[in-house]
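One structure below.
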Amino acid sequence: MQTSLDILTETDPAIAGILQQELQRQRDHLELIASENFTSAAVLAAQGSVLTNKYAEGLPGKRYYGGCEYIDAAEQLAIDRAKELFGAAHVNVQPHSGAQANFAVFLTLLQPGDTFMGMDLSHGGHLTHGSPVNVSGKWFNVVQYGVDPNSEQLNYDTIRELALKHRPKMIVCGYSAYPRIIDFEKFRAIADEIDAYLMADIAHIAGLVASGHHPNPLPFCDVVTTTTHKTLRGPRGGLIMTKDLELGKKFDKSVFPGTQGGPLEHVIAAKAVAFGEALKPDFRDYCGHVVENAQTLAQQLQERGFKIVSNGTDNHLLLVDLRSIGMTGKQADQRVSQVNITANKNTVPFDPESPFVTSGLRLGSPAMTTRGMGTAEFTEIANIIADCLLKPEDAAVTEDCRQRVANLCSRFPLYPHLTSPVPALT
């Protein structure tokens, strides 16, 4: 039976070659970017399906186009599975991305010029939580909070003081580079004091929430957004969830027709597949290993003398503060790339460097845990990272680390069903 790559090789060898080379890169590299993961073959199959052919503006049972009976069935399945997975009363599975989901929520709950609170990007927040370069920072008055300078963790008393002073209409919690448990109940208490909405963006930790390895925000938050990839291990896309049915209807309108047109039903079907996978017992086991592996990586790097932001991690990611070894995040990112490790430079709290340089390296465990690696392999990964960063100019160390990476990758194959040879690029 022909794979999608086989078909592409026959019809468009140029793009087939690019795809095959990217597949080989993913196979040959240690993927440690915290926001990346490897979907199952089933998710890939659903996303590359005939559902891409169908326009389906509206919601299941309320479409503006005919011929949507099977589209409705797929989307409703995604909705029902997401409700079961997170314990939500209302779910919209149509946002094309987490950023789209967040913008739809802002459009629903805020008016231009309203004040909201979100975490500073340099402390672990996200662009869509009020960065001045994002629409969230252009349309609204943003009060940013950060972490405590000593613990490098959230200080809820300080956040409360800011909230009482500025009285925002909404508080956003949930982050892109925060390695610790978030206390949603404390955020709820703060929001209630000022009669504010509470929004949680769990894009990074959604899989951990679904599996019980991180507290669920839904009992405490008015609305929860997430992406469907990262720790949830689905296709790239967004999700909006709430326990409030009336608010849910408003979010639906802000997605369509407010910010989007036709939904990507092939992606929604792939979301349904991923949610179904996440409802199975082995997904809980997987997420447990994700946390164990991240903690192992942090501990082993600490033993090699590296400073870890907040002194560890409770979730899937960790931040390495490189100032102690006189290296920038940009330099470290480039250095680990030389030995076929993919990571990303990242600001650390109170970072003196620009976002284009940074003082930190963000590392995550989800992707390589998906490939089957455990604490023994993550111990070796930590030592490879330490060896190559501590001796950045040593060619022998570079070659040794590259070979150790190759050995690890060969033991844990990726997508073995995709076996097409690499076609020549033209």
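The backbone N, Cα and C atoms fix where each Cβ goes, glycine too.
So that you can see what the record holds, here are the features copied from Swiss-Prot:
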- LEU121, GLY125, HIS126, LEU127, SER354, PRO355, PHE356: (6S)-5,6,7,8-tetrahydrofolate binding site (BINDING)
- LYS230: N6-(pyridoxal phosphate)lysine (MOD_RES)
- HIS229: site 'Plays an important role in substrate specificity' (SITE)
Problem set entry | Other CB atoms, at most 10 A from the CB of LEU127 ((6S)-5,6,7,8-tetrahydrofolate binding site) | 16
Problem set entry | Maximum Cα-Cα separation (Å), residues LEU121, GLY125, HIS126, LEU127, SER354, PRO355, PHE356 listed as binding (6S)-5,6,7,8-tetrahydrofolate | 16
Problem set entry | Most crowded position, judged by CB atoms within 10 A, among GLY125, PRO355 as binding-site residues | GLY125
For this session: Tell me whether LEU127 ((6S)-5,6,7,8-tetrahydrofolate binding site) sits in a helix, a strand or coil according to DSSP.
Result: helix
Exercise. For HIS229 (site 'Plays an important role in substrate specificity'), which residues in the same chain are close in space, meaning a Cβ under 8 Å from its Cβ, but six or more apart along the sequence?
Worked result: SER35, GLU36, ASN37, THR39, PRO235, ARG236, GLY237
For this session: Return the residue, from the listed recorded positions HIS126, LYS230, with the maximum count of other C-beta atoms within 10 angstroms of its C-beta.
Result: LYS230
